[in-house]
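A quick write-up on the structure given underneath.
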Amino acid sequence: MSQKYLFIDRDGTLISEPPSDFQVDRFDKLAFEPGVIPELLKLQKAGYKLVMITNQDGLGTQSFPQADFDGPHNLMMQIFTSQGVQFDEVLICPHLPADECDCRKPKVKLVERYLAEQAMDRANSYVIGDRATDIQLAENMGITGLRYDRETLNWPMIGEQLTRRDRYAHVVRNTKETQIDVQVWLDREGGSKINTGVGFFDHMLDQIATHGGFRMEINVKGDLYIDDHHTVEDTGLALGEALKIALGDKRGICRFGFVLPMDECLARCALDISGRPHLEYKAEFTYQRVGDLSTEMIEHFFRSLSYTMGVTLHLKTKGKNDHHRVESLFKAFGRTLRQAIRVEGDTLPSSKGVL
């Protein structure tokens, strides 16, 4: 899996920049920006690696002796380290603008290895800095830039923005039999819109969203003039894929879930978002159809979903009424999924380190 990085400017972003000469060359000039340490700790917990990148005009010259820089800088690094903040690398350009070097921000010389490795998650990596050159660096790297400002985009705001999860996925699946469009928002409730062409199936899918505590939009055009087989099967495949994508790296999720009774039915559902597809299913129905949905396709739907979502799923129901038996399965799955996808921490719930 590619790595999320934060490339962070030093003066004016991590520590205050003296307005008189823009040099932190004495200990009394060293002051941290408000909230920087707790927010960096939060960002590390969210899986970001930190890289400091800074222009230090004329470092090592008479106007800015190396020793004057080293004292405050080393103290700053010691304080960061003592509080648990770890920088993978500190990148410094010591040149003046007149030197026309190739390593001064916004040029990308200092960060070339991150661009070449193809191991950086560009969609979720950022440059954070207080100057236009930092934003230009981000553009040159092909990632997003965040313009730090104590009032308009301070460290608590940045921490909230980058750790807030909007777990969303959009999957389009087109075959000769079906055209399916699925969108899933795991952290939003209500407003689901579902149209598969099979009315009772729409109702069942809505039960998953309602009891799962998330929103989804599903539009399906299938070969219903034949039967509902391809429509139900392919919807399960597309929905499972969307749920898997929306879960992302699964960091902090509960992972497991359980059971739900309904009316005279007792539905049992056990779910493990394990990365290992498996379905155990036990349900018997009196009739071949409930509404316009084939009862034999219910198992097929959950098997398809568990396969593409990568989950271990156990489903069982018993009761007297087919409608209630079917509905109990979908409600139980939704309620169980609600528990399993809930975020309650920052760590991956696996001793293997991968799900």
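Using the three backbone atoms N, Cα and C, a Cβ is placed for every residue, glycine included.
Each residue in the region 'Histidinol-phosphatase' (1-166) has a pLDDT score, and their mean in this model is 94. The region 'Histidinol-phosphatase' annotation in Swiss-Prot covers 1-166.
The annotation active site, nucleophile is assigned in Swiss-Prot to Asp9 on the grounds of sequence analysis. DSSP classifies Asp9 (active site, nucleophile) as coil under the three-state reduction.
Around the Cβ of Asp11 (Mg(2+) binding site), 20 further Cβ atoms fall within 10 Å across all displayed protein chains. Among the features that Swiss-Prot reports, Mg(2+) binding site is placed at Asp9, Asp11, Asp130, with the record citing sequence analysis.
Residues or ranges marked as active site, proton donor by Swiss-Prot: Asp11.
Cβ neighbours of His95 (Zn(2+) binding site) (same chain, under 8 Å, six or more residues apart in sequence): Asn55, Asp57, Gly58, Cys101, Cys103, Arg104. Among the features that Swiss-Prot reports, Zn(2+) binding site is placed at Cys93, His95, Cys101, Cys103.
Summarising the annotation, Swiss-Prot assigns region 'Imidazoleglycerol-phosphate dehydratase' to 167-355 and lists sequence analysis as the type of evidence.
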Problem set entry | Structural state of Cys93 (Zn(2+) binding site), classified by DSSP into three states | strand
Problem set entry | Sorted by sequence, non-Asp9, Asp11, Asp130 residues with Cβ within 8 Å of centre, Mg(2+) | Arg10, Gly12, Thr13, Leu14, Glu17, Thr54, Gly129, Arg131, Asp134, Tyr148
For this session: Compute the C-alpha separation of Asp11 (Mg(2+) binding site) from Cys93 (Zn(2+) binding site), stating it in Å without decimals.
Result: 13
Exercise. Around Cys103 (Zn(2+) binding site), how many other C-beta atoms are within 10 angstroms of its C-beta?
Worked result: 18
Problem set entry | Candidate with the highest Cβ count within 10 Å, taken from the binding-site residues Cys93, Cys101 | Cys93
